[in-house]
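Everything on this sheet refers to the single structure shown next.
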Amino acid sequence: MATHEEQIIAASAKHPIVPVENGYQYGTAGFRMKADLLDGITFRVGLLASLRSRKVDSQTVGVMITASHNPAQDNGVKIVDPTGDMLEQSWEKFATQLVNAKSDQELAQRYTALAKENKIDLDVPARVIYGRDTRPSGHTLVAALNAALDATNTTYVDYKILTTPQLHYLVRATNTEGRPDSYGEVSEAGYYKKLSDAFVRCMKHKKVDGPLVVDCANGVGGPKLSEFLKYIPKDKVDFDVQVVNDNIIRPELLNLDCGADFVKTKQRAPPVPKPEVGVRHCSLDGDADRLIYWWLDPELAERGGFVMLDGDRISTLAAQFIKDLMDRAGLNKQEDDRQKLRIGVVQTAYANGASTKHIKQYLKLPVVCTPTGVKHLHHAARDFDIGVYFEANGHGTVLFSHQALSTFKDTQPQSPAQKDALDTLLALSDLINQTVGDAISDMLLVEVILAHKVWSLRDWVMTYSDLPNRLFRVEVANKDLFRTTDAERRLSHPEGCQQEIDIEVKKYTDARAFARASGTENAMRVYAEAATRMEADELCDRVAHIIHRWGA
Ligand code: G16
């Protein structure tokens, strides 16, 4: 019988790695690049997934094949840990090590060495489940993944096309099946049932106001949202949703002039289908983990008619709503501070300065800033009993600690209002995806809050005024020259570059700007905000020039 190493060498020969000058890095969301570079990488990620499963007592690990907001020709691959969270960060370097092995032999040796270093028994069972978005390249990459799983005697289930958050759900549901903390039925239908049931509970005696048009970026969110809508009982909630930009038959349309990333970065409505003035819209991204709300409002002339409610807005809306519910449930009255549930908000450097000020000064909640990447925000959110985290790009969720859940369950209500608040808090904890940011679940959360508050999008946007801001993408010869510090708010390298940015920022009112290398695209990102639209645009332009020059 062939040894582990022999099996890997034979299989790997059919999935060669394409060497690149600076090697590959497990980035913001795993490995992400042009799909034709990914065959060998996906094979090697499969090897790591099997090691990870064996390391964590044969629990099921997930692999998601997606490039989310990136163009159609890209793809990506990332690992989901047994809890449904992103891969533990200390393991990212192992992924990088395997992927950068120069030959099949070196790969097999590194695999065995990793097993030895991490005290992994290669003879215990390994279990992996996986899914992919609608990109055609997903088919081939799945074949590479299967080859690695076969070569390592790993049991696997192919869930085929899924949104990224559905895969995260399934991983957690699989590992908690039959336990008191079961996360839900282990199937795609189980995911829909859980969300629909929680949505109905949250919407008791409430009404959704008018239609909602959902732009699905021509990605996996389209068919999955349409499927989910069938689960909502019409006699319980009248939810009028129009699903648009859901063409997955023509893959080249994915994320093209539509979707959450387009809306957020271009700060305008997708041209197709022509949006109707005044109607509530939202946009998902290519794998349905980001969400942005928007509408056309000619009366808000200073915004050019297009008004956007991004991740910062969802975050402030959710934090305020949950805080108010906790007040109504009498949970903020504890005399002893140690018994109080702690709510906090996690943001990144991209958060609009006005949102941070609003959370601190008006909501009176603590704010933590982390580097970009939901994995960082998710981790920081765990430090709170109720951790609200959203990136400005619309990626995020709200995490509830065990302590919070048992308080919601065990508190004896003294009035019908208090009971209502406790029931809603519990229903929210089922509605909100606890594993990762989930556009469909977040959209339901927003709809619930608007219905409870009887708010329009205009009411929501009036809670505070955003500082005008701009986000640019700058292509440079080598983005690795740029390194950041202070949660990505400053550049430490190349030396001297940050000083030039500082000089520009000082010239504008209430201004802030930063630059960082993208972890999902081969480019630099530049963000600027200032007191006026003109100043924000001009500052962004100037910083982009600085980056362009230093990166040449
Ligand atoms: C991924 C990450 C997000 C991150 C985004 C952009 O999103 O999951 O946390 O904000 O990439 O990252 P970067 O600026 O490093 O390119 P998605 O929706 O593309 O998976």
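Every residue gets a Cβ built from N, Cα and C, even glycine.
Under the heading domain 'Alpha-D-phosphohexomutase alpha/beta/alpha', TrEMBL lists 60-102, 123-177. For Ser68, Asp285, Asp287, Asp289, the entry in TrEMBL reads Mg(2+) binding site. Look at TrEMBL and you will find Ser68 tagged as active site, phosphoserine intermediate. Among the features that TrEMBL reports, domain 'Phosphoacetylglucosamine mutase AMG1' is placed at 205-291, 310-455. What TrEMBL lists as substrate binding site is Glu391, Ala392, Asn393, Arg516, Ala517, Ser518, Gly519, Thr520, Arg525. Summarising the annotation, TrEMBL assigns domain 'Alpha-D-phosphohexomutase C-terminal' to 472-545.
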- Item | Mean per-residue pLDDT computed across the domain 'Alpha-D-phosphohexomutase alpha/beta/alpha' (60-102) | 97
- Query: For the domain 'Alpha-D-phosphohexomutase C-terminal' (472-545), which stretch among 60-102, 123-177, 205-291, 310-455 has the most Cβ pairs under 8 A?
  - Reply: 310-455
- Message: Same chain, not part of Ser68, Asp285, Asp287, Asp289: whose C-beta falls within 8 angstroms of the C-beta centre of the Mg(2+) site? Give them in sequence order.
- Response: Thr66, His69, Asp133, Thr163, Thr164, Gly219, Ala260, Leu284, Gly286, Ala288, Arg290, His395, Ala439
- Message: Do any residues, 6 or more residues outside the domain 'Alpha-D-phosphohexomutase alpha/beta/alpha' (60-102), come within under 8 Å Cβ-to-Cβ of it, and if so which ones?
- Response: 17, 19, 23-26, 29-35, 38, 40-42, 44-49, 51-53, 109-111, 114, 127-133, 135, 137-138, 141-142, 145, 162, 164, 167-172, 174-175, 183, 217, 251-256, 259-261, 285-287, 289-290, 374-375, 378-379, 393, 434-436, 520-521
- Message: Between C-alpha atoms, which of these binding-site residues comes nearest to Glu391 (substrate binding site): Ser68, Asp285, Asp287, Asp289?
- Response: Asp289
- Task: Looking at substrate and its recorded binding residues Glu391, Ala392, Asn393, Arg516, Ala517, Ser518, Gly519, Thr520, Arg525, figure out the farthest C-alpha pair and report it in angstrom, whole number.
- Result: 17
- Note on the structure: Same-chain residues at least 6 positions away from Asp287 (Mg(2+) binding site) with a Cβ under 8 Å from its Cβ, in sequence order, are Met64, Thr66, Ser68, Asp133, Thr163, Thr164, Gly219, Val220, Gly221
- Determine, from DSSP, whether Arg525 (substrate binding site) sits in helix, strand or coil. strand
- Among Ser68, Asn393, all listed as binding-site residues, which has the most CB atoms within 10 Å of its CB? Ser68
- Three-state secondary structure, Ala517 (substrate binding site) (per DSSP): strand
- Query: Can you tell which of the binding-site residues (Asp289, Glu391, Gly519) has the fewest other C-beta atoms within 10 angstroms of its C-beta?
  - Reply: Gly519
- At the level of the C-alpha atoms, what whole-angstrom distance separates Ala517 (substrate binding site) and Asp289 (Mg(2+) binding site)? 21
